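*Asks:* Got a structure for you, questions after.
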Amino acid sequence: MMQVLLVTICLAVFPYQGSSIILESGNVNDYEVVYPQKITALPKGAIQQPEQKYEDAIKYEFKVNGKPVVLHLEKNKGLFSEDYSETHYTPDGREITINPPVEDHCYYHGRIQNDADSTASISACNGLKGHFKLQGEMYLIEPLRIPDSEAHAIYKYENIEKEDEAPKMCGVTQTNWESDEPIKASQLNLTPEQRTYLKSKKYVELVIVADYIMFWKYDRSLSTIRTRIYEIVNTLNVIYRFLNIYIALVAVEIWSKGDLINVTSSAYDTLDSFGEWRERDLLNRKRHDNAQLLTGINFNGPSAGRGFVGRMCQPKYSVGIVQDHSKIYLLVASAMAHEMGHNLGMDHDRIDCTCGAKSCIMSGILRCETSYLFSDCSREEHRKYLINKMPQCILNKPLKTDIVSPAVCGNYFVEVGEECDCGSPANCQDRCCDAATCKLRPGAQCGDGVCCYQCKFRRAGTVCRPANGECDVSDLCTGQSAECPTDQFQRNGQPCQNNKGYCYNGTCPIMEKQCISLFGASATVAQDSCFQFNRRGNHYGYCRKENNTKIACAPEDVKCGRLYCLDNSSGHKNPCQIYYIPSDENKGMVDPGTKCGDGMVCSNGKCVDVTIAY
């Protein structure tokens, strides 16, 4: 049954009829005018840099519903990576890439004083703009356009009049990564490697691409588009902190000359094209873990976005597409968090899934009463995905030099001048770290890390990442660091599985295992004659796609296209079985690096000599 992400028509509900005002979010009734008073609030250990325009920590006092509140804000120091870049294109098609200074930015996370469940995502670039949760309710704040005034409007989310529009939905219809063996709720049955992986912080290095329609939608203003993207990613950070995942914006690319792929009203075709472009082009220019296309196009039907499920870190499939469907960036950020959630193994919430709010991030319906929370179902699906797949790219911890803005003790990032950072003294759970100074306690060599045990480095030679099969190697602690060295594996092209295959990036891809993964333990590889269907160049058989056109396999490449299996389970008589679902046509293709002949492997849809491939 199709599962959809609906964007409901949110009707305004007013406790009383007040005057109306037009704000960036739209026409708003029942708003409150406030005058925030700023009070500098540097955390312990932080030193205000005289050249800074925006403080590392600030707090504001104002009233909500006539009652005073104090908003505590800390700069989102993990928002940008050290090598953050921005790319756009000149009218004559030249690519312009710059590395703008982002140390002194104006994007903050925060909380309301004396409200333990409060959250906030605020930009302080020109007044206060953003949203905060207070006593379980979501409020928006933005400056009023009154010259020489500090007046701001505060209003509840539901008090924005929405244009009447058809509901939207996410194009994802099912998960595709499920393993044969369910993961039990208890961690007692997990391997040491799995336990370590689950406990580790995760970092998603993100690229956001804005298409040509976005460029025109925002009056061809690069700065306006950048600001909108910054606001979205700042909110993404708040959302994913609840899963111990940190989002770092690596690059923004704006297709200001024209789209570099065929962006169409078909969400599926656009997602597929974007994934191909990422693998073919973007990854060769910019190191990153995940890319999201922000588009101004209206997709066919009610679709508002789409993402591949459980494919984080995979070159073509670690992508999502999101329609810029609302003036309210919080709604767009929630939709992007939803599609990235699919990349991280989460499906749509069922009716019995709960998060303690009216709506959850992976809910099939994106309601007016949006929240930052993932449901219990989403958390378990995400955990199961991490245990089964253990995607490695999101373990890359930013180096101290990756965070170039002035250090702030208590933001969970170890920055220049710090030895550890376990959060605020109230939240720190690391007995090796002094939360007040972000220095290790006397006698401690380390605070956390796979190669840290009871505040000491594990001895050299201790296995910190066991080998996962014959194409992998065990990685060992050095005795000089708390971190496990970079994952190493056997050289690509080394024979494996008794010469049934060749090692490829730490795995031994062979067709038989791929058939079992798709059809179950009784499946085997089909006869060679079945693979001749790959010469047809349609969805039943092809080798690769170029601009959404399926390219037929050459006779010598037929075993590098669609995988043909023999399903021996009862009731199946087709000797040439394929795995095909319209929502993910690429699922069921022969994996890269698979043996296609003696001394031959599949590479980009071709059967090539193993010595040439690697």
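Numbers run from 1 along the shown chain.
Keep in mind that glycine also has a Cβ here, set from the backbone N, Cα and C atoms.
Sharing the record's features from Swiss-Prot:
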type	residues	note
MOD_RES	GLN194	pyrrolidone carboxylic acid
BINDING	GLU205, ASP289, CYS393, ASN396	Ca(2+) 1 binding site
CARBOHYD	ASN262	N-linked glycosylation site
DISULFID	CYS313-CYS393	disulfide bond
BINDING	HIS338, HIS342, HIS348	Zn(2+) binding site
ACT_SITE	GLU339	active site
DISULFID	CYS353-CYS377	disulfide bond
DISULFID	CYS355-CYS360	disulfide bond
DOMAIN	406-492	domain 'Disintegrin'
BINDING	VAL408, ASN411, PHE413, GLU415, GLU418, ASP421	Ca(2+) 2 binding site
DISULFID	CYS432-CYS455	disulfide bond
DISULFID	CYS446-CYS452	disulfide bond
DISULFID	CYS451-CYS477	disulfide bond
DISULFID	CYS471-CYS503	disulfide bond
DISULFID	CYS496-CYS508	disulfide bond
CARBOHYD	ASN505	N-linked glycosylation site
DISULFID	CYS515-CYS565	disulfide bond
DISULFID	CYS530-CYS576	disulfide bond
DISULFID	CYS543-CYS553	disulfide bond
CARBOHYD	ASN547	N-linked glycosylation site
CARBOHYD	ASN568	N-linked glycosylation site
DISULFID	CYS596-CYS607	disulfide bond
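Explain the structural surroundings of these features, please.
*Replies:* According to its DSSP assignment, ASN396 (Ca(2+) 1 binding site) is coil. Every protein chain considered, the tally of other Cβ atoms within 10 Å of the Cβ of ASN396 (Ca(2+) 1 binding site) stands at 16.
For ASN262 (N-linked glycosylation site), the same-chain residues 6+ apart in sequence whose C-beta sits under 8 angstroms from its C-beta are ASP269, THR270, SER273, ASN547, ASN548.
Annotation note: CYS313 (disulfide bond) sits in a coil segment as assigned by DSSP. Within the same chain, residues at least six positions away from CYS313 (disulfide bond) with a Cβ under 8 Å of its Cβ are ASP289, PRO391, GLN392, CYS393, ILE394.
Its own atom aside, the Cβ of HIS338 (Zn(2+) binding site) has 27 Cβ atoms within 10 angstroms in the protein chains shown.
In three-state terms derived from DSSP, GLU339 (active site) belongs to a helical segment.
Sequence-distant neighbours of CYS353 (disulfide bond) (same chain, 6+ residues apart, CB-CB distance under 8 A): CYS360, MET362, SER363, SER375, ASP376, CYS377, SER378.
Look at CYS355 (disulfide bond): DSSP puts it in coil. Long-range Cβ proximity for CYS355 (disulfide bond), meaning a same-chain Cβ under 8 A and a gap of 6 or more residues, is found for ILE361, SER371, LEU373, PHE374, SER375, ASP376, SER378.
When pLDDT is averaged over the domain 'Disintegrin' (406-492), the result is 85.
Secondary structure at GLU415 (Ca(2+) 2 binding site), taken from DSSP and collapsed to helix, strand or coil, is coil.
In this structure, CYS455 (disulfide bond) belongs to neither helix nor strand by DSSP; it is coil. Around the Cβ of CYS455 (disulfide bond), the same chain contributes ARG431, CYS432, LEU440, ARG441, GLY443, ALA444, GLN445, CYS446, GLY447, each under 8 angstroms and 6 or more positions distant in sequence.
The DSSP secondary structure for CYS446 (disulfide bond) is coil.
CYS451 (disulfide bond) counts 23 other C-beta atoms within 10 Å of its own C-beta, drawing on all protein chains shown.
Spatially close to CYS503 (disulfide bond) yet at least six residues away along the chain are GLU470, CYS471, PHE489, GLN490, ARG491, ASN492, GLY493, GLN494, PRO495, CYS496, GLY593, judged by Cβ distances under 8 angstroms. In the three-state DSSP scheme, CYS503 (disulfide bond) is classed as coil.
Secondary structure at CYS496 (disulfide bond), taken from DSSP and collapsed to helix, strand or coil, is strand.
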*Asks:* Once the chains shown are all counted, how many other Cβ atoms turn up within 10 Å of the Cβ of GLN194 (pyrrolidone carboxylic acid)?
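*Replies:* Taking every protein chain into account, the count is 16.
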*Asks:* Cβ atoms within 10 Å, counted per site: which of CYS508, CYS553 has the most, among these disulfide-bonded residues?
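*Replies:* Buried the deepest by this measure is CYS553.
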*Asks:* Using C-alpha positions only, work out which of the binding-site residues GLU205, HIS338, GLU415, GLU418 is nearest to CYS596 (disulfide bond).
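*Replies:* Closest by Cα: GLU205.
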*Asks:* Note down the number of other Cβ atoms within 10 Å of the Cβ of CYS607 (disulfide bond), including every protein chain shown.
*Replies:* 23
*Asks:* Counting Cβ neighbours within 10 Å across all chains shown, tell me which of the recorded positions CYS393, CYS530, CYS576 comes out on top.
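*Replies:* It comes out as CYS530.
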*Asks:* Roughly how many Å separate the Cα of HIS348 (Zn(2+) binding site) from that of ASN568 (N-linked glycosylation site), to the nearest whole number?
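*Replies:* One finds 32 Å between the Cα atoms of these residues.
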*Asks:* Around ASP421 (Ca(2+) 2 binding site), how many other C-beta atoms are within 10 angstroms of its C-beta?
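*Replies:* Around ASP421 (Ca(2+) 2 binding site), other Cβ atoms within 10 Å: 23.
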